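Asker: Dumping what TrEMBL says about this protein:
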{"type": "DOMAIN", "residues": "64-169", "note": "domain 'FAD-binding FR-type'"}
């Protein structure tokens, strides 16, 4: 899909975030064209109803091809979050279905009728090189996610092929034309963001790439061991804690507040944004982002809003 964006680009995986316990996302990328800010909420509400109808039809006509694959690793990644790795080395077609960061797949457990929808945390190249898909799964009491997080290495699950259009990062290329990329994630929403960062999107060739990553406290923040590598790749990490302890000296509150306080967009016409997290965060960040761009550049043009 080729879309000319003005004045900036907004790529989104939310609402809703692809957790194991969430409803399935819309299969195709929808584009809200020439959408005035004061009409966004109404449009999203109608869009959500259409999506529910689409999902219901898909469930009635399920033709998913399932592949059995064993768990190769499962361990805590943070408080209530688990790192899950599934061996797909014997299934090259399944591994090859992951072609872009932001894609997801369905996962089904034995004797559990309802499948889970999981965003793939590892970059597309990882399956080809290591023969595995990696996920960050939030364990929620009473959910399929909780059952998944309770399995052990060697236990077999069923996977669909990777699907979804993912982050269409080519829309903010070349790097010289879009020097600023703002990334927002909360909780397990960091999962597809990891895939994006480690896939590479020329962050080191851009002048301002920021990841605002929110969590309740430092114990609930996954991938801290990767922050240094991400920073070295050109992505500035801005951790934001909503309920920190007394020793925390970084940003506090919510991701949208931290961004609103900074309000530093040096090149409004060359700015892209990626959102993945709670619905409230993505909507508020969108409006702050929109108002910041329009205020700093005195523009009244509409922004194309891309939602998976």
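Cβ coordinates come from backbone N, Cα and C, glycine included.
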Asker: In the domain 'FAD-binding FR-type' (64-169), how many residues does DSSP call helix, how many strand, and how many coil?
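Answerer: For the domain 'FAD-binding FR-type' (64-169), the helix, strand and coil counts are 19 helix, 40 strand, 47 coil.
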Asker: Summarise the model confidence on the domain 'FAD-binding FR-type' (64-169) as a single mean pLDDT, whole number.
Answerer: 95
